[in-house]
Amino acid sequence: MELVFLGTGAGVPSRGRNVTSIALSMLNERNTIWLFDCGEATQHQIMRSQIKLSKLEKIFITHMHGDHIFGLPGLLSSRSFQGGDSNLTIYGPAGIAEYVETSLRLSGTRLTYKINFEEIEPGVIFEDKMFIVTADDLDHGVRSFGYRIVEKDKQGALNAEKLKADGVEAGPVFQKLKNGEIVTLADGRVIDGKNYIGEPQKGKIISIFGDTRETSSELELALNADILVHEATFEGDKAKMAGEYMHSTTLQAAKLAKTANVKKLILTHISSRYDRDASKELLIEAKTIFENTEIAYDLAVFQVGE
């Protein structure tokens, strides 16, 4: 899995940063892409990346401010124009369905695929055999969600060396043993596949937050995450301003990462007041509290778990 930051700016686009959008690429895991927020010109950013709209399976909207949703109508239309025909699910606050449907209707846009809308409340919003996604309220004036994506533990690897040492030759029987089945061998021995499977591989945890000021719900959403993506609209000494504007500072994000025992913090949603050099200072500031911090730039790619 990898995170591709398509837009990392706050509020309005700037020369160095487009507005918010993050792609979670899971091509190896499920051959799909999940998108978190879709600010204006997200589809242009996708054209500059390796992301393919045909692989897009789900879109998660954190809140209804324009810098997080104005790119949706164009992106959905282009996906259709490019031949996308698989169904798409959009998760988000109340109003997301009306916004998308009205935009498409008034522009006379007809899609070649169906959109399923899930207007969410806190709790589990999606689960299958591979992932579970939960959402909770943040604090941003309008309803804003944070998402916690948990990859379920994977079955351990089959110990082929142990099987060979026990005189079991490679072949179709290996697949049955890998599935944990009890198998009778040609020589009459009965072996249990469970005895040859290693420890389960721990799944990854990714927490992606919408805009927010400090709030108690952040801790549970971020707890023990491999990656926490958190807004850092302001530098540390502007905590009062951040609170008034319902945003966070670098230091607040770093303190949360430390308290929640996350492995890596990625800062995004950077105000246009900070150019590239000033952004480096934001990173240095956050690292004084949480060393394993990165600051995202447009089109930056981060591997999950590295």
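Backbone N, Cα and C atoms are what each Cβ position is placed from, and that goes for glycine too.
Sequence annotations record features per position, and here Swiss-Prot assigns active site, proton acceptor to D67 based on sequence analysis. In three-state terms derived from DSSP, D67 (active site, proton acceptor) belongs to a helical segment. The Cβ of D67 (active site, proton acceptor) has G9, A10, G11, V12, V19, T20, G39, E40 as same-chain neighbours under 8 Å, each 6 or more residues away in sequence.
The Zn(2+) 1 binding site annotation in Swiss-Prot covers H63, H65, H140, D211. Residues near H65 (Zn(2+) 1 binding site) in space but far in sequence (CB under 8 A, at least 6 apart, same chain), listed by position: V142, D211.
Under the heading Zn(2+) 2 binding site, Swiss-Prot lists D67, H68, D211, H269, citing sequence analysis as support. With a 10 A radius on its CB, D211 (Zn(2+) 1 binding site) counts 27 other CB atoms from all the protein chains. Taken residue by residue with DSSP, D211 (Zn(2+) 1 binding site) is part of neither helix nor strand, so it is coil.
Each of the binding-site residues H63, H269 was scored by the number of other CB atoms within 10 Å of its CB, and the largest score is that of H269. If you count neighbouring Cβ atoms within 10 Å for each of the binding-site residues H68, H140, the highest count belongs to H68. Annotated Zn(2+) 1 site H63, H65, H140, D211; additional same-chain residues within 8 Å of its Cβ mean position, judged by their own Cβ, are T62, M64, H68, L138, G141, V142, S144, G210, T212, M246.
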